[in-house]
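As recorded in TrEMBL:
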- Glu122: active site, nucleophile (ACT_SITE)
- Glu213: active site, proton donor (ACT_SITE)
- 232-253: compositional bias 'Low complexity' (COMPBIAS)
- 37-226: domain 'GH11' (DOMAIN)
- 229-253: region 'Disordered' (REGION)
- 1-22: signal peptide (SIGNAL)
Amino acid sequence: MVPWKSLVVDYLFATGVCVAVAVERQGFEGGPLMARAPPPSASALFVGYYNYFWTDGSGNVTYTNGGGGTYKISASADAAHWIGGKGWNTGISYSISFSADFRVNNKGILGVYGWTVNPLIEYYVVEKFVGFYPVSGGRLVGQVVSDGSVYDVVTLTRVNQPSIRGTATYMQVRSIRSSHRTSGAVTLANHFNAWKSLGILLGSFEYQIFAAEGFYSVSNVAVTIADGPGATTTNPVSTTSTISSQRTTTSLI
């Protein structure tokens, strides 16, 4: 892995925009779908929804937290890798409705992304991908039919890679939709049950988002999600701003 340098995250409170600007170019060696190295560049609960935004620090990437279940991301072509989205700080078998304007000119992924612990698993239900098949070196273990399409189920073991529990060995599991779409509903229970029947046992849920992800792409993305337990009127909870030599973590509120 290429070492982290430093990252400046400038949050504009009046507009709800988080802008990540690289001080020095940096990134991951290897191809797409490398593990995202937490903590995120920014994360927070906002009116019931959990916002997540991560960038490897290259190029210019802007995450805009809209009202309710909406968000926008724009990125420059020299932004090597970024991912962001809205969802829930604890995932479960939700049916997530979504509508997206997903414009990336090189490589990108749109879908439900999250983690479990005990066991540690990174999962993705991919609704649309652009420019590449979104897994390399994985093993096709089966298929699941859900929400009007066939999904390939692919697994991959990551050895000593960044995770939400630090450097660890863990499984990646993907359901990859054959007929791409940018709107509809994702019935997660269908995927989780199919994975279980294939011997993939998820652990306790950590965060779960409807994500947009890009690699070296001029990108303009707008997403709206609904369903799940979000969109409440409870007070938002802010993360604490911390600065280290590696990255800056700040609030999206």
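A Cβ is built for glycine as well, from the same backbone N, Cα and C atoms used for every other residue.
Note that the structure is predicted; figures quoted are calculated from it, not measured.
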Message = Within a 10 Å radius around the Cβ, which one of these active-site residues has the most neighbouring Cβ atoms: Glu122, Glu213?
response = Glu213
Inquiry  = Measuring Cα to Cα, how far is Glu122 (active site, nucleophile) from Glu213 (active site, proton donor) in Å?
reply    = 15
Query = the domain 'GH11' (37-226): mean pLDDT?
reply = 93
